[in-house]
Each structure stands twice: as structure tokens, then as C-alpha cells.
Amino acid sequence: MAPRLASSVALVLAAILASLCLVALSEDEELENLRFVRRAQDAPLVSRYNYIVIGGGTSGCPLAATLSEHSRVLLLERGGLPYRNMSNQQHFTDALADTSPASPAQRFISEDGVVNARARVLGGGSCLNAGFYTRASNDYVRAAGWDARLVNSSYRWVERALVFRPDVPPWQAALRDALLEAGVTPDNGFTFDHVTGTKIGGTIFDSSGQRHTAADFLRHARPRGLTVLLYATVSRILFRQQEGAAYPVAYGVVFADPLGAQHRVYLQDGGKNEVILSAGTLGSPQLLMLSGVGPQAHLEAHGIQVLVDQPMVGQGVADNPMNSVFIPSPVPVALSLVQVVGITRSGSFIEGVSGSEFGIPVSDGARLLARSFGLFSPQTGQLGTLPPKQRTPEALQRAAEAMRRLDRRAFRGGFILEKILGPVSSGHIELRSTDPRANPAVTFNYFQEKEDLDRCVHGIETIERVIQSQAFANFTYANASVESIFTDSANFPVNLLPRHANDSRTPEQYCRDTVMTIWHYHGGCQVGAVVDDDYRVFGVQRLRVIDSSTFKYSPGTNPQATVMMLGRYMGVKIQAERWRK
């Protein structure tokens, strides 16, 4: 990283950490409080369990907690604990800006040129996201073939553990009213349900601003039934040909601890014991391929012995494209993450985040502020003012420098963003190497399909109507006074308006040029292509995949509720199968 960009990142990180007024426990103290959680290097070299769950993320945690009620479960997580410095709502910016090997967010750049991130922490993406909670639509549940009654009870189980009703500040209330004025109706009030119109959704931040994560589900586990190993990097799943079995049978996994020791974990005897992949959209197809299950030619090119030629592993990977606009405010704006969503009939979703000048106090005495746009700062890799292929490290550095030169008033405001249903466009994942610690190569093919572009254009048009609405007037500049603040708007690091009057680009090209991620990527092990309706992997036995990689489309406006629900849902179903004669 270039020195100036590094210093900018350091300033932002120092500011964020200084704003956390809670005394953090050491990791040793936290491990004492969670006696079933250990570091991988403290585990035996050989062990046996009923279930081995790979990935302690948004689906893996509720799944392991549920299975532990009546079985012995091992949960393997490649990252560490989420509880240190996780209380403040600005932590996610810290994580996304951190490019160190210990960061809970492992950054990657898709082949499309969009900077993205992959969770590397117990609790997964729920430790890093904007906290919004909303269910999938009833149509989505029916299309998935899920049991509606069990789905609802699983959602309620999740909601009792860590979902809250947000306190809606004035900026978010104005966004709600502006969406209604812009025609995103009806007003659905506060609800978890996915219904057309404008609503307030749930949040995983409590009233004190503390984040709750999927790791919280582990507190509901049976302690004697669960072991959680941190910093455990799984390299492959073990298979054998078993007498009387039609396909190779999974019987264990190999993982490395931080000291390099190789550990083997085996399934206990019994045909209903299983290995379950919950490593996410990148991790699950990657581990299948590293274990010999995937496209034959691709595996052979990496010197991997092919166990099952499965060409659909890694296919159908998609990321919901996001485009954002910064709305400078003439008045101070309170910090808020996503609380309100407009679900349009055209298939675009409108949300917003705001910041108290997006400046974070470094010290109370000097009131020194770090100049930052939070989630959308160039330090996080988000730079929608340039087309994706032009977002080089040098461009990010220039944007960070431009941000430091801005008038303090420039950071007062909020972002309104649009993202789309689906999406229809999709790509694929391929191995870069046989190193399980390395991210695979990912291509999302943003806006490859016209239907996605049309939805984006409709979303941008909706944002324009929101900005021009009377309901939002208190948070927008009404005259040329804004020019004194944004004298260097050409080098401004975020998009100020959906499209300037002198912008010669078509709306479709604007969508392509300003696309960013909202971290809702999914697919790669889709139901019907790689796994069956019970999430068992085709062509092998005693192996399932239960996470977002099984989705064809992203559920609802924000997927975390449904990913958590799926962990609980399948945990209940697997337990019922276990005791069925």
C-alpha cells in the first residue's frame, strides 16, 4: 500500500478505534467465557464427531448450535472472535479498510474490477454488514420448496436471539417519507416481511448501538455438544469408497492450525453423521474443488485428483450490483445505517445510510476529526466515481488525498443507494491455486443482462425523485450555496448527483460505470445443480452445503435474515432425519 494511502487508512482506523468507549476483553478472557471455543492449535491432532461444520459464519453458527442440541458437533472457523471492538456501528468501516492478514474482512477484487470483501471471523458477514434485517418474500420461500411453517418458526428463532426494532432518526424518517412521495407505496410501517412499498425493517444493533452477530447463536448451544475451533483452515474433505455405497463417502476433513500443524477430524461411525460445508459463496465451491469435486479439466489443470466431475461447481455466482449517490446536507445528520427500504414494483430496492459528518472524533479534547465517508470511502475500496477497471491502487490513493482536502461541511449528509432484485446476470468462481487460504478468482458479470440494467435505471430515477421531494428538502441544498463547499467536484471521491446535466453517458452506461458491491454475492453450489433439495451434494454421500452458495437469487432486499434462517431450518430438519427410523 502506498505510504500516503496507508497513513490515511491509519488515521481513519485510529479515529474509529478511539470512538469505541467500551473496554475490550482480551481474546484469552473471551475464550474463558466461551469454554467450548478454542484455538485450532489447542485441538488434538485426531478427533471424531457426529457432524463437522466447515465455516462459522452467518449460516454455520445457527446450524451448529441447533445440531449440538442432541449430537457432538465440531465447528471449524478460519478467523477469530468477533467480540472485540464490535459494539460501535462504525466497526464495519474499520474492518473493510483493514488489509492486514488478521483483518476480519479479507479483501478481493473480482475479475470485473469491483473491490469486494469476504468475512474471516466467527459470525461471518453478520459481523461486518450494515445490520439490516428483513425476510425473504413468500414467493421466494415457495420457489425454494421450503416448508413455510418451519421457515416461519426458524425466522422467529433468529429474531428472538438478535433482532431489534430501530430508533429511526430524522434523516431516515425523511427518506421514508420521500420514498412514499416518490411513489414507492404503500407505507408498510415496521415489518420484517418483504412486501412492495416502503417500510422500516429490523436491525441487529440494539438500542445502545451494540452489534449482535450470528456468533450469538452459539450461546444457545449445548456446551457439551459443541466444540468451536478458531483459526482452523480446512484444506480438503476426505472421501473413501465404501462397500455397498454407490458414490464416494465423506468421512472427515483435514485442517491446518496457525502453527502449520495438520489435524484430521473424522466422522464417528454411523450412516447419519455428516460433513457440512457452510463456508460461504467463495469458500464452499472452493473447498469442493480442492477436494476433487468440480469441473474435471479445471481441477486437472491445478493437479487435483478428480473424484467427481461436477461442471456446475462454481457456476451461477452473482453479486447484486449497487449504485450510490451522496446527498450533502445543510444541517448536521445523525449516524444511521440501513433502517428504511423502498421495494419498488420495477425490481429495484432503495436504502440509505447517513453519518454525523462522517467524521469520527480522534480525541474529545481537540475534536480532531478523520475525514471519511465511512462505508463508501476509497479506503474500503468503494470508488463509484470511476469505472471498475480504472479503480487502481493509484486511483484509490488519489481519491483518499482528495477526500482529505475537502471542506469539513462536505462530509455532512448521507448516501442513498439502489440495488436490484436477483440479479439475472451471473458468473463463476475458479481456483487461482491449491492454497485454501487464497481467494479464488471470481467473475460476477455485472449488468450482463438487460433486465438488470433496466432495473438499475429505474432505481436511479427513483433516487432522483427522492432527492427532489418536499419530504427530503431539509436535508438537501436548495441553491448555489453548495458550490462553495464542492469547488473541486470533478475530483470528489463519491457521486454527488445521479447524473450531471452535462453528463453525456446514457443512464445504462452510468449504471455500469458507477457499480459497486453491497456484499450480497451468492451462488456457486446451487440447489438443483450441485446439491439436491435437502442440500446433499450430488455424486457423493454424507456431504451437504448449507449457506448462500446454494441460492440462485439473493433473498429479499438483504440476505442475512434468510441465511441465518436456513442454518436453523436445516439444523432442525437434519435432527429430525437423524431420529427417524
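Cβ from N, Cα, C; glycine included.
Taken straight from TrEMBL:
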BINDING   T58, S59, V121, V234, W519, H520, P559, Q560  FAD binding site
DISULFID  C456-C511  disulfide bond
DOMAIN    280-294  domain 'Glucose-methanol-choline oxidoreductase N-terminal'
SIGNAL    1-26  signal peptide
Task = Could you put numbers on the helix, strand and coil content of the domain 'Glucose-methanol-choline oxidoreductase N-terminal' (280-294), residue by residue per DSSP?
result = 11 helix, 2 strand, 2 coil
Remark   = If one takes Cβ-Cβ under 8 Å and requires six or more residues beyond its ends, the residues near the domain 'Glucose-methanol-choline oxidoreductase N-terminal' (280-294) are 54-55, 57, 108, 118-119, 124-125, 234-239, 304-311, 313-314, 317, 429, 431, 434, 436, 439-440, 442, 521-525, 530, 537, 539-540, 545, 547-549
Task = For the domain 'Glucose-methanol-choline oxidoreductase N-terminal' (280-294), would you mind checking the mean pLDDT of the predicted model?
result = 98
Remark   = Widest Cα pair spacing in Å over the listed FAD contacts T58, S59, V121, V234, W519, H520, P559, Q560 is 25
Rounded distance in angstrom between the Cα atoms of C456 (disulfide bond) and V234 (FAD binding site) = 39
Remark   = Cβ-Cβ distance under 8 Å, sequence separation of 6 or more, same chain as V121 (FAD binding site); the residues meeting this, in order, are E77, G79, G80, L81, P82, P104, A105, C127, L128
Task = Ten-angstrom check, please: count other Cβ atoms within 10 Å of the Cβ of V234 (FAD binding site), all chains counted.
result = 25
Task = Between the Cα atoms of Q560 (FAD binding site) and C511 (disulfide bond), find the distance and write it as a whole number of Å.
result = 25
Query = Quick one, of the disulfide-bonded residues C456, C511, which Cβ has the fewest other Cβ within 10 Å?
reply = C511
Note = The rounded CA-CA distance in Å from H520 (FAD binding site) to C511 (disulfide bond) is 18
Ask   = Whole-number Å distance between the CA of C511 (disulfide bond) and the CA of W519 (FAD binding site)?
value = 17
Residues that sit under 8 angstroms from S59 (FAD binding site) by C-beta distance, when 6+ apart in the chain = G124, A214, S278, I546, D547, S548, V563, M564, L566, G567
P559 (FAD binding site) CB neighbourhood, other CB atoms within 10 A = 25
